[in-house]
Amino acid sequence: MASLGVNIDHIANVRQARQTVEPDPVPMALLAELGGADGITVHLREDRRHIQDRDLDLLRATVRSRLNLEMAATAEMVGIALKIQPDMVTLVPERRQEVTTEGGLDVAAQQGSLKGMVDQLQVAGIPVSLFVDPVSQQLEAAFKSGARWVELHTGAYAEACWADQSFELARLTEATARARSLGLRVNAGHGLTYQNVEAVAAIEGIEELNIGHTIVARSIAVGLKEAVREMKRLVQNPRREPLFG
């Protein structure tokens, strides 16, 4: 049974749209936990477009589940992670022009530099996950980097047309099995919604799904606690048959 990590970046997006103080993502994280979130995920971007350093400091002091820090593989971010001591760091690719993360890390091309950062964080007691596309080459490179976890990028599945979703789901299933055969633990996320999450949640071996935008969008209608509860039910009790095919 997969657990649910709730990404609260989009709450901070609303605040930053007006450059004001509300909504504050810190108390919203508490509401997400009260709704059943097993962890809180935030992405501290280099341009600070949504989550701010102040948010991260306060979240570390207040989150009672698990705090997963998504960040670019840079010296600045490694220094912040070493200071904050999140429960996990997920290294993600980052481009200033993108609206959201557009793909997985090219671990195979950056294996040398990533290994140094992975070692530095894990020696300090912080488990490291690498956000990767569901491709064997990247999984093998992730293993060689010394990371203990991968987070599979589910964007291709989430964005696929009806006819292609079964193919993308098979890729995720195969990638999960391959990662586990290497000794890696597996999370997944990106683009998952109330409509498409169950098939991914049913994949044996995926331990946690990180989901944000759809929960925050749903919360406008039903409130954050209820939106998290609804997603938690789908993640923990998925239909075993996909809605397509």
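Using N, Cα and C of the backbone, Cβ positions are placed for all residues, glycine too.
Features of the protein shown, as given by Swiss-Prot:
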BINDING   N7, R18, G191, G212, H213  3-amino-2-oxopropyl phosphate binding site
BINDING   D9, H10, R45, H50, T100  1-deoxy-D-xylulose 5-phosphate binding site
ACT_SITE  H43  active site, proton acceptor
ACT_SITE  E70  active site, proton acceptor
SITE      E151  site 'Transition state stabilizer'
ACT_SITE  H190  active site, proton donor
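Cβ neighbour count for H213 (3-amino-2-oxopropyl phosphate binding site) (all protein chains, 10 Å cutoff from its Cβ): 16. Checking each of the recorded positions (H10, H43, E151, G212) against E70 (active site, proton acceptor), the C-alpha distance stays within 10 Å for H43.
Here the candidates are the recorded positions R18, H43, H190, G191. The one whose C-alpha lies nearest to that of E151 (site 'Transition state stabilizer') is H190.
The recorded positions close to D9 (1-deoxy-D-xylulose 5-phosphate binding site), defined as a CA atom within 10 A of its CA, are H43, G212 out of H43, H190, G191, G212.
Of the listed recorded positions, namely E70, E151, the sparsest Cβ surroundings within 10 Å are found at E70. Ranking the recorded positions H10, H43, R45, H50 by the distance of their Cα atoms from the Cα of H213 (3-amino-2-oxopropyl phosphate binding site) places H10 first.
Across the residues annotated as binding 3-amino-2-oxopropyl phosphate (N7, R18, G191, G212, H213), the two Cα atoms farthest apart lie 25 Å from each other.
With the fewest other C-beta atoms within 10 Å around its C-beta, R18 stands out among the recorded positions R18, H190.
Within the same chain, the residues at least 6 positions away from H10 (1-deoxy-D-xylulose 5-phosphate binding site) whose Cβ sits under 8 Å from its Cβ are H50, G212, H213, V216, A217, listed in sequence order. Fewest Cβ neighbours within 10 Å among the binding-site residues G191, G212: that distinction goes to G191. Under 8 Å, Cβ to Cβ, and six or more positions away along its own chain, R45 (1-deoxy-D-xylulose 5-phosphate binding site) finds I51, A72, E94. Between the CA atoms of G191 (3-amino-2-oxopropyl phosphate binding site) and H43 (active site, proton acceptor) there is a gap of 15 Å.
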